Amino acid sequence: MFKQLISTKQRKRYQLIQGGCGFILVLLSFTIWREFPSTTHLAIICVILGLIYWKLRQTLYLGAILGFVYLFYLASPWLLLQEYVETNRVQQLSVDILSVVIQATGTRRHTTTTLPVVSPIRHEKVAFTAKVNDPSSALYHQTVKLSWYYKQDDHKTPSLQVGDTWSLNVKLKPLHSFRNAGGFDYVRYLLGHKMVATGYVRQGDNHLVRRSVALRADVIAFVEQHYGHYPWVNALLFGQKVTYDENIRKQILIATGTAHLFVISGLHVAIVFGSFLAVWKCCLLTLSRFTSSPNKVRWHNHFCLITSFLGVLGYAYMAGGTVPVFRATSVCALWVIVQILHIRIVSSQFLVLTILIILMVSPWASYQVGFWLSFGSVGCIMLIAWFLPSTPKGFIKKAIYTLKLQCLLSVLLIPMTWWFFGQVSMVSMVANLLMIPIFAVFVVPLHLVTLGVILVDFTLMTVFSSSLMDAFALNLIAGCNAVLNWNFYLLEWLYLPQLVFTEVRPVLVAWLIGGFFVVALMYIRYWRLAGGGVCILGLVSWHGVYQQNITTFTVLDVGQGSAAILHQNNAAVIFDVGDAFSSRFNTWNNVLYPYIKSHQITEIIAVYISHADRDHVGSLAYLREAFPNTPIYRPLPKAAEIHDDKIYDCSTAQPSSTLFTNSQRAGVTLDILWPKDENHLSNLSKNNTSCVLSVTVGKHKILLPGDIEFIAENALLMNYPVESSTELKHHVLLAPHHGSRTSSQRNFVTAVNPEHVIISSGYLNRWQFPHPGPLANYRHVNALISNTAQVGSVSLSWDGADNFLGTQYFIRDVQPRWYRPYE
């Protein structure tokens with residue numbers, strides 16, 4: 001009877017784990033769905049899975065059914081809210097502040113006719129997240145990300161504190177981001193943080209409703225007021241985001257693979273739990289010596305586990321309850337329950353249950369990089385532990401075992417770190433071997449003690465002021481800051497840029513994975529499966545060879561601006577470089593460079609700037625820092641004094657040029673059609689001085705007119721009359737001036753007669769580009785119209801024989817996702 005009961009429990013646990021696997025697989029696959037299925041399709045899928053479950057009686061399919069139903073009730077309201085925000089952008093909302101980030105004062109670069117110049121930004125902003133608490137709003141209980149801009153000269157910084165309730169006049173926008181190859185998926189990031197909209201605070205009725213009474217906010221304000229501002233210490237005490245102008249430390253943390261140590265993560269929660277557990281064990285050790293009763297010893301263990309977990313809950317609250325902290329706290333809670341109830345469970349089952357609970361409580365967690373890195377690391381550790389012998393005895397043998405574990409873990413995590421961060425660091429293995437013990441034994445416990453002293457001092461301040469306690473707390477905070485600075489010095493010493501590979505080719509990664517796959521399988525004697533690694537190597541290598549000699553022209557999605565690139569193999573020509581809002585957010589760093597990096601482009605042959613508007617030239621200074629010897633072509637007045645030998649006039653005086661001359665084939669040429677006469681540049685508006693380029697790839701011609709308006713269009717019609725010339729006839733047209741009503745007149749569009757018109761405009765831009773007039777003119781010639789605001793980047797490709805291969809839309813062909821549907 002007892003054996004039958006045990007087998008029954010084991011069978012139920014197995015069914016639970018199997019059903020959980022089905023549920024997890026559906027939710028994880030949700031991150032790469034091309035589109036969200038309709039209700040009918042979901043019903044059909046669930047019926048098919050139900051029939052399979054009825055036939056096989058395997059709970060895997062039942063868990064999958066529950067996963068699909070769960071996703072339907074999760075994603076359908078989100079999609080409806082996106083439609084609601086798009087049609088109801090301006091709202092008066094009552095919100096609770098969840099987090100606040102005050103942007104540091106910075107500079108903005110603009111470019112003159114010669115060199116980039118730095119000028120001060122006249123505005124700053126406070127970025128914050130808030131939860132809508134107005135029951136009458138359709139966004140009730142939803143989280144939004146907002147920005148509050150204010151003039152730097154007014155010194156009127158909005159006094160926002162976590163926990164405050166504000167009534168704000170906001171203008172919202174559905175979740176949106178630039179959609180380009182190699183770029184950061186900002187919508188995915190916002191989804192992982194449960195956001196439904198972004199926006200900014202408008203001038204209007206903005207007032208504080210209720211000041212925060214939260215303990216955490218009061219403690220943070222108390223620390224800032226009494227002890228000063230220590231950003232990195234506050235990051236480990238309260239989970240605050242560090243804002244700084246220079247990216248040197250950030251680069252060092254990413255390059256050494258230690259960024260997870262300087263922000264509160266699951267590792268910190270585990271160290272805090274272990275610290276509390278060790279303290280309680282030491283305190284109760286004497287009690288256990290005076291008793292031999294197993295029940296009392298068991299009670300002592302339960303007491304230590306419960307009180308340690310309560311300490312973790314307090315730490316999680318002071319850390320702001322961020323998603324990584326919540327994830328780690330959930331794992332900690334599950335482990336405490338398993339220990340108290342004496343549930344016998346293997347590590348793989350515990351991992352499945354943990355993922356299941358987290359996805360049920362926080363289903364958007366799978367959209368976070370930290371989710372995959374955390375559980376990927378745990379899975380790799382479990383795999384290594386299964387592969388290596390059991391943990392040996394003795395300090396030296398354990399140290400060697402730990403060294404092997406860290407080395408193998410670093411190797412197994414290389415594909416994941418390359419996928420998420422676009423680089424592979426050979427320093428991370430050594431850096432983590434040194435830094436993790438330092439943080440586990442010294443840094444995190446020191447910060448934990450400091451937090452406790454701060455809380456005691458804060459509590460005493462409500463009764464009486466203690467200068468002794470203030471001095472003690474201040475010395476502890478200063479000590480924490482000094483310790484962190486020492487760790488930064490150590491990382492700076494370990495940081496070797498030569499060992500950080502940012503230009504990692506997919507073929508090399510495939511060879512690394514495939515080689516490891518072959519060696520591992522041969523080592524564990526699965527000889528027949530070893531051929532799979534060879535197949536992977538061959539297929540990916542063939543794919544890399546197949547991609548040679550492809551010419552691609554891409555109009556990038558840069559919002560309300562313009563940037564395009566023509567590339568073949570590892571060389572490229574850039575047309576306009578988009579806007580720049582700051583050193584951290586500009587078209588070069590956020591769009592162009594990731595695109596170049598993803599296509600293994602190492603040479604920029606030339607850069608053509610249509611005109612001096614910021615949305616076309618704003619990021620030029622950042623490009624020139626990366627490629628200082630690249631020639632720049634831009635319209636210049638005849639009297640302009642050029643002090644830079646890399647800047648040339650972009651006019652018809654320049655001869656026709658042949659691009660990619662080192663290629664095995666010719667046929668890519670570039671001609672300048674306008675401006676024709678430099679003497680007239682001073683009499684024209686800035687837009688009408690745009691450099692108009694004609695690019696010929698084989699039998700196809702692409703016209704890049706910049707921001708020309710009616711005056712320049714008429715001049716082109718006069719210079720190249722349709723009756724006697726075919727210079728204006730092009731297959732592809734980049735819409736002049738983003739499709740404004742002052743451009744793309746009927747005669748000009750008819751003369752160009754494009755088959756495809758590409759519009760570079762911002763999503764829901766304030767100028768409402770493109771306007772109906774130009775769109776009607778494009779439709780008059782039966783042109784295909786593509787708008788980067790709707791389809792993301794637009795790419796046209798030709799093979800080695802100059803045969804047109806087709807058009808690719810980023811959200812349809814490159815990276816389709818259900819949260820940015822192609823319409």
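Every residue, even glycine, has its Cβ placed from backbone N, Cα and C.
Just so you know, TrEMBL annotations never went through curation; they're auto-generated.
Residues annotated as domain 'Metallo-beta-lactamase' in TrEMBL: 560-738.
The transmembrane segment annotation in TrEMBL covers 16-33 (among others). Tertiary proximity for the transmembrane segment (16-33) is limited to same-chain residues at least six positions away from its ends with a CB under 8 Å from its CB atoms, namely 58-68, 70-71, 75, 188, 349, 352-353, 355-356, 359-360, 363, 366-367, 817-818.
Annotated transmembrane segment per TrEMBL: 39-54 (among others), in sequence order. Note on the transmembrane segment (39-54): residues 61-62, 64-65, 68-69, 72 of its chain, located 6 or more positions outside it, place their CB under 8 angstroms from a CB of the stretch.
The feature transmembrane segment is assigned by TrEMBL to 61-81 (among others).
If you look up TrEMBL, you'll see 259-287 (among others) marked as transmembrane segment.
With a threshold of 8 Å between CB atoms, the same-chain residues lying at least 6 positions outside the transmembrane segment (299-318) that come near it are 215-216, 219, 237-239, 269, 272-273, 276-277, 280-281, 284, 287-288, 325-326, 329, 332-333, 336, 339-340, 448, 451. The feature transmembrane segment is assigned by TrEMBL to 299-318 (among others).
Among the features that TrEMBL reports, transmembrane segment is placed at 350-365 (among others).
The annotation transmembrane segment is assigned in TrEMBL to 371-389 (among others). Note on the transmembrane segment (371-389): residues 192, 260, 265-266, 324, 327-328, 347-348, 351, 354-355, 358, 365, 401, 404-405, 408-409, 412-413, 416, 420, 524 of its chain, located 6 or more positions outside it, place their CB under 8 angstroms from a CB of the stretch.
TrEMBL lists 401-421 (among others) with the feature transmembrane segment.
The transmembrane segment annotation in TrEMBL covers 433-456 (among others).
Taken from TrEMBL, the feature transmembrane segment applies to 468-488 (among others). Sequence-distant neighbours of the transmembrane segment (468-488) (same chain, 6+ residues past either end, Cβ-Cβ under 8 Å): 223, 226-228, 230, 232-233, 236-237, 249, 252, 262, 435, 438, 442-443, 446-447, 449-450, 453-454, 456-457, 460.
The transmembrane segment feature in TrEMBL is assigned to 508-524 (among others).
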So which of 61-81, 259-287, 350-365 is most in touch with the transmembrane segment (433-456), counting Cβ pairs under 8 Å? 259-287
Same chain, outside the transmembrane segment (259-287) by at least 6, Cβ under 8 Å from its Cβ: which residues? 232, 235-236, 239, 242, 250, 253, 296, 300, 303-305, 307-309, 311-312, 315-316, 319, 322, 324-325, 327-329, 331-332, 370, 373-374, 435-436, 439-440, 443-445, 448, 484
Contacting positions for the transmembrane segment (61-81) when only residues 6+ beyond its ends and CB under 8 Å are counted: 18-27, 30, 36, 39, 42, 45-46, 49-50, 52-53, 138-139, 142, 196-197, 360, 363, 818-819
Mean pLDDT across the domain 'Metallo-beta-lactamase' (560-738), rounded to an integer, is what? 86
